[in-house]
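Structure first, commentary second.
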Amino acid sequence: MTNDDLTITDPKMRAQGVNVFYGDKQAINNVSIDVGTDLVTAFIGPSGCGKSTFLRSLNRMNDTVASAKVTGKIELDGEDIYAPSMDVVQLRARVGMVFQKPNPFPKSIYDNVGYGPRIHGLAPSKADLDVVVERALVRAGLWDEVKDRLNESGTALSGGQQQRLCIARAIAVDPEVILMDEPCSALDPIATAKIEELIHELRGKYAIVIVTHNMQQAARVSQRTAFFHLGTLVEYGKTTDIFTNPKQERTKDYITGRYG
């Protein structure tokens, strides 16, 4: 794995020698990577390469799979997220997740965003919660479209609006990292453009990691790109370098469409 010319001196997250197993099958093999604050990091690679599995290991979503086992070390601000003392609920508030398919709760738009802050004690009063909900919807670029519809069901929104609602839901609990697992794959081009614009706007506030099959999207939204193949991290570098001057032959073959 090549990771030359990376200057992430104070990473938000650091993975060292990470392996992920599902039963006897190894899905991730000895992956080490740093995720920087105020950067968008894209994970690319063909289907089944392990990029989504590795993403889910960054906030212990693999814990929900009975056969999954993770070894190695993953740190958030220097703290081992797999340590027995780690509060997984708090971890997932600090490292939020936006999934491939929009999955709003069967609740009102307001309650979709307000649920997390309420259970985490971030909004002691209704007035406080109103402020948190509005701020999250503004940051997600959705406030102007829904401010007069807050009591309507989140499932009544369009697909693109639902995905932005899910992003608002994630950022309402004031995370430090946002993980996005192919957030635009189920959306039309107009909705995709809005999500990409939102990613640019959020970059200065959060460390963002996005899994995408769309190499053009990775090139547009990220500053760092990691190429995965067969469960290994083949190459990690500045996005411009990965797409214009990859150091590994497998990376070049994938970027130029020879496989994938």
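Cβ atoms here come from the backbone N, Cα and C positions, even for glycine.
Quick look at what Swiss-Prot lists:
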type	residues	note
BINDING	Gly45, Pro46, Ser47, Gly48, Cys49, Gly50, Lys51, Ser52	ATP binding site
DOMAIN	13-255	domain 'ABC transporter'
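Report note: the ATP site is defined by Gly45, Pro46, Ser47, Gly48, Cys49, Gly50, Lys51, Ser52, and the residues of the same chain whose CB lies within 8 Å of the CB centroid of those residues, excluding them, are Thr53, Phe228, His229. When each of the binding-site residues Ser47, Ser52 is scored by how many other Cβ atoms sit within 10 Å of its Cβ, Ser47 comes out lowest.
Reduced to three states, the DSSP call for Ser52 (ATP binding site) is helix. For the domain 'ABC transporter' (13-255), the model gives a mean pLDDT of 95. Its Cβ taken as reference, Gly45 (ATP binding site) is surrounded by 27 other Cβ atoms within 10 Å in the chains shown.
Counting Cβ atoms from all protein chains shown, Cys49 (ATP binding site) has 23 others lying within 10 Å of its own Cβ.
Long-range C-beta contacts of Lys51 (ATP binding site), restricted to its own chain and to partners at least six residues apart, with a cutoff below 8 Å, comprise Phe43, Ile44, Gly45, Val211, Ala226, Phe228.
The 10 Å shell around the Cβ of Pro46 (ATP binding site) contains 14 further Cβ atoms across the protein chains shown.
Working note on the binding-site residues Gly48, Gly50: by count of other C-beta atoms within 10 Å of each C-beta, Gly50 ranks first.
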